Amino acid sequence: LLYLSLADLLSALSYFYGVLQDFDRTSWDCVLQGALSTFSNTSSFFWTMAIALYLYITIVRGSPTGTGFLWGVPLGITVAAVALKKIGYDASNVSVGWCWVNLDAEDRVLWMLLTGKVWEILAYVTLPVLYILIKKHINRAVSILLLSLSEYRPILSRAPAFQPRTSIADKKLILIPVIFIILRIWSTVRFILTLCNSPAVQNSVLVVLHGIGNTFQGGANCIMFVLCTRVVRTRLFSSICCCHYDELDWPLQRSNSYWQRPEPHKDKDVPGPERTKPLLSST
């Protein structure tokens, strides 16, 4: 997630510079901006798929493993594109104001695929398949667990308390690939229209959706993994507001029937330490 956030941040900054400059020809800063956006955008695809693959291997296969260092492939592609002078001005036909693959290159379609589109299309297929398999495995595991606990009524009575967290996890597993596809599909549509030489590639609605989708990937990940995760959200608000975790989380904790916030002792005649007995905490 850290590497994905860094890739999305670099991608958004490079796009922002490209829009501000409003390039009209291939220049050194156009090539630099195009190289940075190519590297960061391709890295974002790799790390997004790496997260899905890691979750699948860890949860379904039960063998935790590292994803490896995935900066190498995007860096190699970017260096090759710059060295062969494939990065340059694209008249915003396949971008929204920033530089990418030079439209004057004879093999521009090949380099558009290598520098982003092939990984983007691969992610459209890979992410839904992996997250569907993960969701099915979790649902099957939960069903088996509840069935095995059916003999123990006290434990089973607590099972509904875990349902909200399970439903939240299920929603996230569904939303992660859905949000990715909704944000990225517009750039793919304009890429296909460019290949077909269609004038609809400059449609204002498609251009706006393309610009929002390509630059909001990091924001969507922030909402999904930070603001929509209770533990992270609570700690974040706690650090911002200088409040304690318990003070922010007490409404949720109070809702649990087996937990009650201790009431302060209201008796004025509080016995001294020598007259009190230690109380055993209930488990």
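Note that Cβ sites are derived from N, Cα and C of the backbone, with glycine treated the same way.
Noted in TrEMBL for the protein shown:
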- 262-277: compositional bias 'Basic and acidic residues' (COMPBIAS)
- 1-114: domain 'G-protein coupled receptors family 2 profile 2' (DOMAIN)
- 261-283: region 'Disordered' (REGION)
- 44-62: transmembrane segment (TRANSMEM)
- 69-89: transmembrane segment (TRANSMEM)
- 109-134: transmembrane segment (TRANSMEM)
- 173-193: transmembrane segment (TRANSMEM)
- 205-228: transmembrane segment (TRANSMEM)
By a Cβ-Cβ criterion of under 8 Å, what residues six or more beyond either terminus of the transmembrane segment (205-228) are in contact with it? 1, 4-5, 8-9, 11-12, 15-16, 19, 41, 44, 92, 95-97, 168, 172, 175-176, 179-180, 182-187, 189-190, 193, 236
What does DSSP give as the helix, strand and coil breakdown of the domain 'G-protein coupled receptors family 2 profile 2' (1-114)? 72 helix, 4 strand, 38 coil
Give residue numbers and ranges for long-range contacts of the transmembrane segment (44-62): same chain, 6 or more residues beyond its ends, CB-CB under 8 A. 1, 3-4, 7-8, 11, 68, 70, 73-74, 116, 119-120, 122-123, 126-127, 130-131, 133-134, 137-138, 176-177, 180, 217
